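What TrEMBL says about this protein:
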- B:38-60: transmembrane segment (TRANSMEM)
- B:81-106: transmembrane segment (TRANSMEM)
- B:112-129: transmembrane segment (TRANSMEM)
- B:141-159: transmembrane segment (TRANSMEM)
- B:179-203: transmembrane segment (TRANSMEM)
- B:224-247: transmembrane segment (TRANSMEM)
- B:259-280: transmembrane segment (TRANSMEM)
- B:316-335: transmembrane segment (TRANSMEM)
- B:347-365: transmembrane segment (TRANSMEM)
- B:385-404: transmembrane segment (TRANSMEM)
Amino acid sequence: MGSLAERNGYDVGLHLLDRQVIGADDRLIGKVDDIELVIDDDGALVPTALLMGLPALLPRFGPRLGGALARAHRLVREAAADQDLPLVVDFDLVEDVSSDVRLSEPGHGLLHRMAHDRAADPRRCRVGDLLGIPVRCPDLPRRSKVLDLRMVGSPDGPGEHRVESLIVGPGRPGALFGYDRRSEPGPLAVAAVVHWLHRHARIVELGEGVEIDHEAGEVRIVAGTSLAPLRG
Amino acid sequence: MKRYFAVLLGILTAIGGFVDIGDLVTNAQVGARFGTSLVGVVALGVVGICVFAEMSGRIAAVSRRATFDLVRERLGPRMGFLNLVGSMLVTLLTFIAEIGGVALALQLVSSLHHLLIVPFVAAAVWLVLWRAKFSSIENVLGLMGLALIGFAVALWQLGPDWGQLVAGVSPAEKPEGEGWATYAYFAVALFGAAMTPYEVFFFSSGGVEERWTSKDIGVMRANVFIGFPLGGLLSVAIAGCAATVFLPAGVAVETLGQVGLPVAVGIGKIGLAVVVLGFFAATFGAACETGLSTGYSLAQYFGFPWGKFVRPKEAAGFHIILLLATVVAAGVLLTGVDPIMVTEISVVFSAIALPLTYFPILVVANDPDYLGEHVNGPVANALGVFYLVVIAVAALAAIPLMAVTSMGQG
């Protein structure tokens, strides 16, 4: 199994989200329900923590359904101040990412609730908030959305991690099923259908001409910005 | 020597564990109504479950990921959850049918009404799930399930006109009194009975629990490619027995006792006793498998500790789910619902739920990130795509056929 350390970058939605998290003691801890990103002063997005638990998972069920489910979960124990705060695992603890996410510490008692001020920090956002938000760009079909975030670095290696580019296009996040980045995908019939459905999907590097508006929940791309095809 | 013995044991338990209440009931019903004209569908279903189980077993061996891990990783939380709900409902329905089947098998022996037996069966299933070792459940019940070979012996002893049975395999030999819609409905039911989704949840989760590695792929394949088809032959023998005894008399199969009756005709009381033991083992084994599968699916979706290989204390959530599922199953049966009817519904809904888990497994089986050099080859992919189409057609056709034929009455 190729570890992510052997690659040059990875897609967050495809390779990290929803993976099983396992402690150093081999205990199953939970799933990567969401990932916290810090927005640097220059707009770069840097992953800081894996988020777990229903408060991280439920909002990912979509804007309407997710909101309703999160509110319902809040009501289950209204008296608890931390009912809507997810559990946090620092990104530094991630030791290896293959078909599961291995941590460098044992699972027992590892998870803590996120602090209130951290949850309210406007400089932090979640991958789940970015996936699926609309993309406004004259060169892309109107229904385009953020389909995935591509990172540089590897979560288990040294060096910096940050979101390098966005995969954008019409469709639903996750519906590429990983057919975007392999040269010899099979079965041919399934790959052909997925490629055809995502024939308008493109990769756009973060930087000049690309603005992520976290408040409005949309991405604006200036006309003429370089859009690379998938599997380039 | 020990290794050969382990492989043989695996194959034997795969044969004995292949048949469950859905196979027993559906094959007997179909044999009694359609003769051997639907045997082709059983073969189609058996090859299908081999393809499906081999892919998920290979993924479990190489990447240590079981079915619902993959469902969530590939379909995301939202589609994955829909999938979880659908699959859980079907698995629970099958669980209810299996517990009912155990109670019916014991009713044949004790003459007590099955409702009186259900609570004890449910308690026994839960105790086994809680306390028994994974391998002992699999081996003891799988080997006891081999008693169903009685059906093959009975078919031989009944001395049917073999030429006629073989000639009847063609769909053109459908009895004239039956419509094509009913024929298609029972085809879907048989297909669902052979390719029940829980078999794959259980198989792949079991592989992860037994810590298969890529070295075990050969043994896993032997179990699947030898054990499952031989188990499928038992299904065909059940249909053949019913076709020989009931079809000429125009009798419909409505009880578990009737399923075993041709064996009594063919080889007498002892034979009947043997296959009733087989009924018990097959349904009890499948009850354990479906019960575990409810816990496996939920735990794998949410990521909390699961399995029989960790102490119950360390997988408390998993064991609570098993307990709840058993209580719910017993509760549903105690309403007096007919377990045979639950079985009939469960096999059709199995066919409907199948694409939900089949598709993500097919995609991941092609993903070198998970499987490295063990990705699907051209043959596995050709079969994989063929079955993707077959499964999709069966799933789409199931509900309209169910409505048109009033669940096979028409």
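Indices start at 1 and increase along the chain as displayed.
For all residues, glycine too, the Cβ spot is worked out from N, Cα and C.
Just so you know, TrEMBL annotations are computer predictions that nobody has curated.
Remember, predicted model here, so these are calculated numbers, not experimental data.
Taking pairs at least six residues apart, the transmembrane segment (B:316-335) and the transmembrane segment (B:224-247) share fewer than three Cβ pairs below 8 Å and do not count as touching. Same-chain neighbours of the transmembrane segment (B:141-159): 12-19, 233-234, 237-238, 240-241, 244-245, 262-263, 265-267, 271, 274-275, 277-282, 284-285, 288, counting only residues six or more beyond its ends whose CB sits under 8 Å from a CB of the stretch. Contact check: the transmembrane segment (B:259-280) against the transmembrane segment (B:224-247) gives at least three Cβ pairs closer than 8 Å, residues 6 or more apart, which meets the contact criterion. Residues 27, 30, 66-67, 70, 169, 171, 183, 186-187, 190-195, 199-200, 203-205, 207-208, 212, 217, 220-221, 224-225, 228-229, 231-232, 235-236, 239, 358, 361-362, 364-365, 370-371, 374, 376, 380, 383-384, 387, 390-391 of the same chain lie 6 or more positions beyond the ends of the transmembrane segment (B:38-60) yet place their CB under 8 Å from a CB of it. If you look at the transmembrane segment (B:224-247), the same-chain residues 6 or more away from its ends with a CB under 8 A from one of its CBs are 10-19, 23-24, 27-36, 38-39, 42-43, 45-47, 49-50, 53-54, 57, 148-149, 151-152, 154-155, 158, 160, 165, 168, 175, 193-194, 253, 258-259, 261-263, 265-266.
Per-stretch counts of Cβ pairs under 8 Å to the transmembrane segment (B:112-129) identify B:81-106 as the leading one among B:81-106, B:179-203, B:347-365, B:385-404.
Here the transmembrane segment (B:81-106) sits apart from the transmembrane segment (B:385-404); fewer than 3 CB pairs are under 8 Å, leaving out pairs fewer than 6 apart in sequence. Sequence-distant contacts of the transmembrane segment (B:347-365) (same chain, at least 6 residues past either end, Cβ-Cβ under 8 Å): 22, 26, 52, 55-56, 58-59, 65, 67, 70-71, 73-75, 82-83, 86-87, 89-90, 93-94, 185, 188-193, 195-197, 200-201, 371, 375-376, 380, 384-385, 387-388, 391-392, 394-395, 398-399, 402, 407.
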